[in-house]
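Feature annotations, courtesy of TrEMBL:
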{"type": "ACT_SITE", "residues": "E87", "note": "active site, proton donor"}
{"type": "ACT_SITE", "residues": "D228", "note": "active site"}
{"type": "ACT_SITE", "residues": "E321", "note": "active site, proton donor"}
{"type": "ACT_SITE", "residues": "E342", "note": "active site"}
{"type": "BINDING", "residues": "T448", "note": "Ca(2+) binding site"}
{"type": "REGION", "residues": "478-520", "note": "region 'Disordered'"}
{"type": "COMPBIAS", "residues": "478-506", "note": "compositional bias 'Polar residues'"}
Amino acid sequence: ANASAKQRIKSMFYHAYNNYLDNAFPYDELRPITCDGQDTWGSFSLTLIDALDTLLVLGNRTEFQRVASLLQDTVDFDIDVNASVFETNIRVVGGLLSAHLLAGRAGMELEPGWPCSGPLLRMAEDAARKLLPAFQTPTGMPYGTVNLLHGVSPTETPVTCTAGVGTFILEFATLSRLTGDTTFENAARQALRALWKTRSDIGLVGNHINVLSKKWVAQDAGIGAGIDSYFEYLVKGAIMLQDEELLNMFLEYDRAIQNYTRFDDWYLWVHMHKGTVSMPVFQSLEAFWPGLQSLLGNLDSAAKTFQNYYSVWRQFGGLPEFYSIPQGYTVDKREGYPLRPELIESAMYLFRATGDHTYLQLGFDALESIEKVAKTPCGYASVKDLRDHQLDNRMESFFLAETVKYLYLLFDPTHFLHGGGTEGDGSWEEGGEGGQCVLGAGGFIFNTEAHPLDPAALYCCSRHAQDHQELRHILLNLSQPTEKSSRRSNPPTKHTDGPSLSQSESIALKPGEKKTPPLLSCPVQPFSARFAILGQVFTDNT
């Protein structure tokens, strides 16, 4: 049954993907009813970037290689377009980083030193650099929209949703650790710490905040729309970076969430200061929560909550955007199902954790529903109303990035993204200068757009950068006799050294300014041999 399910999922993917290429490329998204394309989140062939790693997940190396090269030639981020900082980060930066980290497995020609360098990594860095001006606020919390050419518009609203402040650490830390430029990770951390300080006396956060004044504009607290991926990134950031600060933040939130918003294994919306129920609804975006709980080992409560959500799926053949828990029915104007992945994502994690076939059953249900209700002659359309199965002329890029990917991975428990089947079956590979890094051996972390990131690669590159930094430091000290030191008091490294940035100093490059190359720009060489400079001996583990 699994093999035939996988085959059907592949067919689903290619029906949608080929129709995007034929009818919508180079626009962002396919319109599956009129068989044409439209720009939605920017103007950078978003669906192609978002679906790139799914090609490799399904085993299609040749198309992955073709598209990775095509994107390098066609995508330009120097455009006069207002883009969502959050969506561009999770879909574009995340998609490019993931494709970069999977390039070795896809049989692409790699630059020496990959994964610490490469064309897709440079593209991801370009895209992320366009987002940095949004973080130039007194609080360090970013604006929600940025113009890719001109930065933040003077008329931009300072109100951002909580997820739009707290969903950067995975992509930005990955960028910083692969490239050695700490600017990105620092910006993401500063935003997280600023957000953490604004929580209420009972430990909750609302869902929209003014990033200039830190005033909460929408004070509803819950785990759904506007907040969801903030909590997800605290947990996944803690795992990927082995970071206790992030985990402790989450655990404190989790206590408040269990305390104030959980009733009968449902999670409601409450007032962030008073803890009183404001909306007794379940939103389809919340369906990621059981999967997140499973990553923390809370399997009992995860399974119970999943069962609640699955019962809603069975009632409608999909998850309505909002579902009234007291009424047991859809909420007016929120009856749609845009082919979201969240419940399938949770099923994937829970099936991996328990082996319980309930989760596979949801996979079969989803496959049936999507085929029966959403399929059109040229793609899959969002369901406008689950009650009468009207469709919307839209196929979101996350359908190919997430929904299809999680569905496929649910039915493929020995996939390399799950760590392969038996030990030593080649689910890991070498990388780094001289191939002394083991990649893919530590499991993958999925960003909130289901783009897998390899924690081992971060360690591989940051280790080199660290060695490089230490060597450079010693050589600099050697090359600076005391009488010259006054002239050199400000070495041109402020963009790469990171934490020393003062508040007033810009973290983004000024227009026309180039990033200063480090003083030692030879490629990073690991110290495989022992050697000494002025009596200091370097060994492999220095």
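Using the three backbone atoms N, Cα and C, a Cβ is placed for every residue, glycine included.
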Cβ packing number for E321 (active site, proton donor), 10 Å threshold: 21
Cβ contacts of D228 (active site) (under 8 Å, same chain, 6 or more positions away): A163, L285, E286, F288, T448
Most crowded position, judged by CB atoms within 10 A, among E87, E342 as active-site residues: E342
Whole-number Å value for how far E342 (active site) lies from E87 (active site, proton donor) (Cα to Cα): 16
Local Cβ density at T448 (Ca(2+) binding site) - other Cβ atoms counted within 10 Å: 25
Inter-residue Cα distance where the pair is E321 (active site, proton donor) and E342 (active site), in Å: 11
